[in-house]
Amino acid sequence: MAAVMVMGCGLVSLLGIVTNVINIIVFIKQKLKDSVNISLLALAIADFLCVVSMFWMCFSCSPIFAMLELPFNAFDITYMTGTWTRLCSNRYFILHVYRTASFINAFITLERCLCIALPLKVKDIITPQRTMMINAFIFIFMIAIFSPFYYVNRLEWRLHLPKNKTLLTLVFTEDKVFVETITFPIHSVAMSVLALVCVVVCTIILIIKLNKKSKWRQENATSNSTTLDTSSRKEQKVVKMVTSISVVFIVCYTPSTVTFVMMTCYPEFSLTGKFMNTWYVVWSLTVLLETINSSINIFIYFNMSSKFKAVILSMCPKL
């Protein structure tokens, strides 16, 4: 099971590295004058960090990696930067970047919701400059939220007796258990639930508002039907694209959120608890789903954004 999950996540994360590099290049080529492109670029960067850390985690779990003569303890470095669930229940760096991506996703959905709910005011509320600041704040805020982990888990040079050499090794502070007991419900439960609820609520509002406006415009159609049809088509493309991104996010993110809530409410549902086997299967699937979520947005963009598709085709004319 572990080998299959490592291979599956490794292949998906490798695909995600390629797709997110393409996403980043395309959004930069489109120029950062539009707030949506800025947020999508930030999401692509966060997703790129997710899949890179996941690929590193899978690679570091291979037997070949463990046999290499490295100047550090492979398990300890993996614990700090990736961490596979079989080894430990805390994959903090991956969790860190996933939370960042989830809040950027929530902001994108909220932004689109405001565009439909307040079409005349949204350009004054959400400007490109403010969008950059908000996305930067999300990255910084998540670093602050997860900083206690890097305080209680440190890498130091220590003598490794079996190899009789000094290696970069993981060490824990005395207050590790106390700090992680307090911070886990915050970054793993509260933050996760908040992002998911925001996406779900904003997506529902977005769909309702767009459906109402589409019906109103159809009922009040004038002789300028061409302009109406063009506007309606653009709105439908927006709602389909945002809804698709949101639905994929909700499907892939909900199991992880539910798992964290279960771990908090029922301590036996954990790596060391009574239901450890069930936990391991569920946790492995949530890791795979999160990796898929961070890897497939390019297919949504390509099929639902004419501008994105045009840039891709200009980069690869033979397509």
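Placed from the backbone N, Cα and C atoms, the Cβ positions cover glycine too.
Per TrEMBL, the features are as follows:
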TRANSMEM  6-28  transmembrane segment
DOMAIN    19-301  domain 'G-protein coupled receptors family 1 profile'
TRANSMEM  40-66  transmembrane segment
TRANSMEM  101-120  transmembrane segment
TRANSMEM  132-152  transmembrane segment
TRANSMEM  186-208  transmembrane segment
TRANSMEM  241-261  transmembrane segment
TRANSMEM  281-302  transmembrane segment
Chain residues outside the transmembrane segment (132-152) and at least six past its termini with a C-beta under 8 angstroms from it: 32, 38-39, 42, 46, 80, 90, 92, 95-97, 99-100, 103-104, 107, 172-173, 175-176, 179-180, 183, 186-187, 191
Beyond the flanks of the transmembrane segment (186-208) by 6 or more, those residues with Cβ under 8 Å of it: 95-96, 99, 102-103, 105-106, 109-110, 112-113, 116-117, 145-146, 239, 242-243, 246-247, 249-250, 253-254, 256-257, 260-261, 263-264
Integer average pLDDT (0 to 100) for the domain 'G-protein coupled receptors family 1 profile' (19-301): 81
